[in-house]
Amino acid sequence: MGKCEMVVPLCINVVLSVVGFGVVLRAIPALSSMFIDAGLFGRDLCKADRTKKVPESMGMVSGTVFLVMMFLFLGVPFGQHFITSSKPFPHAAFSEYLTSLLSICCMLFLGFADDVLNLKWRYKLVLPTLASLPLLMVYYINQGSTTVVVPRLLRAWMGGTLNIGVLYYIYMSMLAVFCTNAINIYAGINGLESGQAVVVGASVAVFNMIELGGFQAKSHFFSLCVIIPFTITSLGLFIHNRYPAKAFVGDTFTYFAGMTFAVVAIIGHFSKTVLLFFIPQIFNFLYSVPQLFHFVPCPRHRLPQYNKKLDKLEPSVVEFRDTSVQWQVMAALRLLKYLRLVHLEEGVGEDGKLCRVNNLTLVNLVLVLIGPQHEGSLTTKLLVIQGLCSGLALFIRYPLADLFF
Ligand code: UD1
Ligand code: MG
């Protein structure tokens, strides 16, 4: 693919994305009352006034605008083949493009269903797997690679590359499950869900731009065409979702965003690198494991607690009888306390038999470490951490990975 072949479509893509940004920015306030009337609203739990209705599922607006922009853009990279017919029509790339949109569209729809119906956790795991199936099929038909590069240390025994076959497909569908849920559980304060998607999206775009000069340029070009409109339209959503939130993104957005990252990573052939941009989400997931698997009780909401006197957020806590959890879990919590990674109190309550621990999320951990924070500045700090982690990701991907691969 020549440089000019990429630059012109990318410029048109950016222009369409900016138009999309403007539409999202205007459409959200215009549609807010319609969403509230339809019962799609939530209460802002980290505010003194919890009576205000905030429209929920606003990811539907940014997601729809994103899809429309992608449909309009379709004619740019592929339409030119009708004008200059010197090359055969790229059917493989076209099917990848359409299936990507199908998977993303499916997840937007399923996320919306979750917002309306409050699905159980088992469905949250099954649905992204199903939504990724058409994409994996196209990946298979287009003879997508299933080989991984073996680290230098192991090459003497295993050779330079290893074909892991079906395991690669299992990994890719699990990537879709992970990305959707990891974003959804790293949430709860104004602007965090949409903000993290914008930072990760921008980081993926930077990575794709670096790789445009490499031998996989075509795949990274495709990824850019999707990730630029996604990031810019999500920025429009972020502006309404940031503190003080005038809109909530809903699971519609968290699922849609997660699926978009999984899709570009699969079709762009960087399904391992993409996880490097999810360092805070991976940490949050691992830290959440005791609650996600119910070793420690998990309340419906784990977001921080609002302190009216200070107008700041404090870590929220969960209380349980020390006899109600296994001794191994208590031992793990004590170890985490020793490492200053949890705030654990034992022997509390009237009979002195209760344990109190902060809800195991990264948001609460940051509050444990740096003390109570104003909601707006907490989101900013978490997004700065996300950005710094992207810097670390690029460092791991380039100078460091060159040492091992
Ligand atoms: C996930 C989290 C849950 C967290 C919730 C907040 C897990 C296992 N689940 O659940 O702990 O409380 O996200 O998004 O970790 N809300 C706010 N302020 C915000 C964003 C959301 O108060 O800035 C509240 C609103 O009441 C909103 C609700 O959270 O209506 C949305 O929660 P929902 O996305 O349905 O929760 P889950 O994704 O199931
Ligand atoms: Mg959610």
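The backbone N, Cα and C atoms fix where each Cβ goes, glycine too.
No curator has checked TrEMBL annotations; they are predicted automatically.
The feature transmembrane segment is assigned by TrEMBL to 6-25 (among others). Sequence-remote contacts of a segment are chain residues at least 6 beyond its ends whose Cβ falls under 8 Å from one of its Cβ atoms, and for the transmembrane segment (6-25) they are 61-62, 65-66, 68-69, 72-73, 76-77, 212, 217, 221, 224-225, 228-229, 231-233, 235-237, 239-240.
Using a Cβ-Cβ cut-off under 8 Å and counting only residues 6 or more beyond its ends in the same chain, the transmembrane segment (60-82) has close neighbours at 9, 12-13, 16-17, 19-20, 23-24, 27-28, 31, 89-90, 93-94, 97, 101, 104-105, 108, 112, 225-226, 229-230, 233-234, 236-237, 250, 252-253, 256. The transmembrane segment annotation in TrEMBL covers 60-82 (among others).
Within its own chain, the transmembrane segment (94-113) is flanked in space by residues 57, 59-60, 63-64, 67, 70-71, 74, 77-78, 119, 127-128, 130-132, 134-135, 137-139, 141-142, 176, 180, 222, 226, 250-256, 258-260, 263-264, 267, which lie at least six positions past its ends and keep a Cβ under 8 Å from the stretch. What TrEMBL lists as transmembrane segment is 94-113 (among others).
Within the same chain, residues 92, 95-96, 99-100, 102-103, 106-107, 110, 114, 119, 169, 172-174, 176-177, 179-181, 255, 258-259, 262-263, 266-267 sit at least 6 positions outside the transmembrane segment (125-142) and bring their C-beta atoms closer than 8 Å to a C-beta of that stretch. Taken from TrEMBL, the feature transmembrane segment covers 125-142 (among others).
The transmembrane segment annotation in TrEMBL covers 162-185 (among others).
Annotation comment: TrEMBL describes 197-215 (among others) as transmembrane segment.
The transmembrane segment feature in TrEMBL is assigned to 221-240 (among others).
Sequence-remote contacts of a segment are chain residues at least 6 beyond its ends whose Cβ falls under 8 Å from one of its Cβ atoms, and for the transmembrane segment (252-270) they are 57-60, 62-63, 96, 100, 103-104, 106-108, 110-112, 114-115, 127-128, 131-132, 135-136, 139, 144-145, 172, 175-176, 178-184, 187, 193-194, 197, 200-201, 204, 207-208, 211, 216, 219-220, 222-223, 226-227, 230, 234, 237, 277. Here TrEMBL flags 252-270 (among others) as transmembrane segment.
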